[in-house]
Amino acid sequence: MQRLECHVKKYNWGKRGTESEVARLFAAGHKNFVVDEEETYAELWMGTHPDGPAMLSNSGTRLSSFIAKSHSAGYLSNNNWKEDIHLPFIMKVMSIARSLSLQVHPTKEQAVRLHERDPIHYPDRHHKPELAYALTQFELLCGFRPADEILANIEAFPPLRYVMDSHNCENLRDALDKEKNPYSLKCRQALAALRGCLTEATVEVIQKMSVDFPGDVGVFSPLILNHMILKPGECCYYAAEELHAYLSGECVECVGCSNNTIRAAMTPKFIDRDALCEVLNYRMTPPEDYLVPATPLADYPGVDEYSPDCKDFQLHRIRVPSNTSQAFLPVLDCASIMVIVEGSAELEEGQSSVRLKTLDCRDISRGDIIYIPPGRRLRFTRCTEQLEAFRTFSYEIGPDHENRKVVKAQLG
């Protein structure tokens, strides 16, 4: 196993200073790091993607290079000529103070077409399914509401009916189409009518968004998209073609190894309504369809598995009670990354085929991020306080980023 140095993203929707779990967690794992109370700390990336590659702590070597040279991902021996071999996922911790952009991600096939058409804005040829595990109360918009809810909202809120008119689906497309101006007087007037007159939880989101993004058509999105409020420990997943936006809270996120995003609204970044209307699936479904249940692993007490309909990643949440003498983790025949979010212990690594042979043993604590090669037997010992960790893994081969250019981080 290898201790990793990972990247923090400082997008301006992140929480500031020590209010951010990203900042607190990163500081816990980097004793010389000083949190700037005026800075936003939005995401902690853990993976091999070129826009935020993990490095080995002891050498500064890129994890992707280490995997390629050591074949430590197990299933990659036929790619030994590559300089870098990527994991199929990025695990993140996110701290969100205000809404991210209203966005959608392409399928693999759509990603290839978008990259060929516009490699600047779509630098990856890979899809980006997403899973979010709530660390705190976590709010998001995800997927279109059932049709009866959308129609009821349109009827209930005259300002929305004013924008949509009678041809609901056609005008929904028009509202997102590039020929329609989201900052038009019509939208501004409708938004002004909404402010201050509605008090339900979803409308509170609309009111906050109308302050953060005045005049933006995306402010209406909570009325047509599912507004989900996850409790800590709940988890949701959505695949490509689903319109969504994270609103607030903190989560552990797993995504495909891609940084492709088609933005629709609520952002100063590049908005591509042509691509949006090309990719969006307009599927209407209740929010429960996006939830991912926890599956306790009977042979490993304290380990819950979250397995979405996706081969790019699976997530283990690991909880070890205080004063536990030992706790074993599942042996995986694939590479994985684990982050410690609470507690401390001793972590022992052995070969699964040689049960008594110990390869490594080290103290781990909150903020530590560990790369684990395939086939390793892991055991926590000396857990004097409760320990919580998250481990992401996949049996898939990661995408090829050999000729990809690094995208400079954009604020917003």
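The backbone N, Cα and C atoms fix where each Cβ goes, and this holds for glycine too.
Small disclaimer: the values here were computed from a predicted structure and weren't measured.
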Which of Glu83, Glu130, Glu139, Glu278 shares the Zn(2+) site with Gln103, His105, His244 in TrEMBL? The record says Glu130
For Glu130 (Zn(2+) binding site), the nonlocal same-chain Cβ neighbours (under 8 Å, six or more residues apart) come out as His105, Tyr237, Tyr238, His244, Glu253, Cys254, Val255, Gly256
From the centroid of the CB atoms of Gln103, His105, Glu130, His244, the recorded Zn(2+) site, which same-chain residues not already listed sit within 8 A by their CB, in sequence order?
Val104, Lys128, Tyr238, Glu242, Leu243, Thr261
Using DSSP, how many residues in the domain 'Phosphomannose isomerase type I catalytic' (1-146) fall into helix, strand and coil?
33 helix, 43 strand, 70 coil
How many other Cβ atoms sit within 10 Å of the Cβ of Gln103 (Zn(2+) binding site)?
22
